[in-house]
Amino acid sequence: MSLLTAVIAFLFISTFCSGKFPIYTIPDKIGPWSPIDINHLSCPNNLEVEDEGCTTLTAFNYMELKVGYITSIKVDGFTCTGVVTEAETYTNFVGYVTTTFKRKHFRPNVSACRAAFSWKTAGDPRYEESLHNPYPDSHWLRTVTTTKESLLIISPSVVDMDAYDKTLYSKMFPNGKCFPPISDSPFCSTNHDYTLWLPEKEKLSMSCNIFVSSKGKKATKDGRLCGFVDERGLYKSLKGACKLKLCGMAGMRLMDGSWVSLQRADAPEWCPPGALVNVHDFHSDEIAHFVVEELIKKREECLDTLETILTTKSISFRRLSHFRKLVPGLGKAYTLINNTLMEAEAHYKSIREWKEIIPSKGCLKAGGRCHPHYDGIFFNGIILGPNGDVLIPEMQSSLLQQHIELLESSMIPLRHPLADSSAIFRSDNEAEDFVDVHLPDTQKQVSDIDLGFPEWKRYFLIGVSAIALFSLAIIIAVCCRKFKRRKRPKPGPIELVRKVSVTSQSGKVVPSWESYKEGATSQP
């Protein structure tokens, strides 16, 4: 099978089989056979719309995935954590103030979070001031508690958005998924009970910058939409398409895995959860342009073969493979029966595995049954080999498997959830560590003596207190001295008489009359 055939079969398919790519086209409806002259041979024009006779073309604009679009949509946002800082102060008798800081949390509201985020992004000093610890108040011999609420903003905080349903994914969300859904709520809850995640842009649709407007032509028959010719000139059938919204935009997923913002009156079913879309990257765009070039080239090769047949007046079954319809849709099939050229109307479909048309040895399934052969010749160059195997010329192409692998590599899912049950954002016990990195320290502080007075009043009070203490000390000393004097015992009357002193005739002092008397009698 040529490279063109593989690409064409991939881009134009009419039946769905998950996980496989089309590799060939074969009639699902064929016959009856009728003899023709070689002059009636014609090459199929695969660029023309021939699917079910839908030949009416109308110009229109449509949306498709932007070229270069990456698989995951990144949404910028920020987290908002409500923090209450509590300052507890106690002033003792001598004026020492002890301050102890404690930290608690509260669940913030969305409007306050957006206001704080605006302050931070604008460089408003009010945001930094709001994070400072509260200025502690104090009263003598009292415990005073001062609280201050702050909103801690951490940005950027980038999450992944699923383009299919706008679901947000991040390991910071419970179970890795935003809840409540961002379409129903302006915020997402996180693994930290007091932290909210909000998108930087309130309108999440602004994050879905993945579409581009293209021009094409609708193919209709009697007002019924069959398919369209895209901007690159390729016809795409709507057979087997299913409804799918990307970033809230309604559209259809075609059977080749592409997405287009088309809708039909006879709306198809919604796509199953596993039906993803192809990434529209530069490589796939190059393939699309390459297909158009190859279609033209293959038509030229077919015309060259037709010219050779008409010139030589001879034909072989191998040359008939050039006249096969390369894309699903209406066409013709050719064969040789009893050395007579035969033609039949046919409707081609795509297949993804060879066993779909070769279910068993010697059986070529076409039109819902094993198609009969005539002297080992089926049609379109397909023959029965000497050992009874069905031989298809395109099966021998060395480029086929390489191109199938190339097509498979371009089928990349959009869904990239970051949910990891083992990676919890923060547990309750780690909440302090979460906010302490971004807020001032809350260690215990003890101030100097502070009675709450201004500077001059404090020194005045100290001076007055010193004078008062000095005066009080003097008063206490005087009072103590007087008190001690009053406590001495008074002498009796006899002791007073005994202690009276007299002076003798000799001029000596005699302590008492009795002493004088005793001294006088003792003299000779």
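Cβ coordinates come from backbone N, Cα and C, glycine included.
Taken from Swiss-Prot, the feature N-linked glycosylation site applies to Asn338. For the recorded site, Asn338 (N-linked glycosylation site), the DSSP three-state label reads coil.
DSSP gives Cys480 (S-palmitoyl cysteine) a helix state. Long-range Cβ contacts of Cys480 (S-palmitoyl cysteine) within its own chain (separation 6+, distance under 8 Å) are none. The annotation S-palmitoyl cysteine is assigned in Swiss-Prot to Cys480.
Residues or ranges marked as region 'Disordered' by Swiss-Prot: 504-524.
Summarising the annotation, Swiss-Prot assigns signal peptide to 1-19 and lists sequence analysis as the type of evidence.
As annotated by Swiss-Prot, topological domain 'Virion surface' applies to 20-459, with the evidence given as sequence analysis.
The topological domain 'Intravirion' annotation in Swiss-Prot covers 481-524.
Positions annotated as transmembrane segment by Swiss-Prot, on the basis of sequence analysis: 460-480.
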Measure from the Cβ of Asn338 (N-linked glycosylation site) and count the other Cβ atoms within 10 Å, all protein chains considered. 8
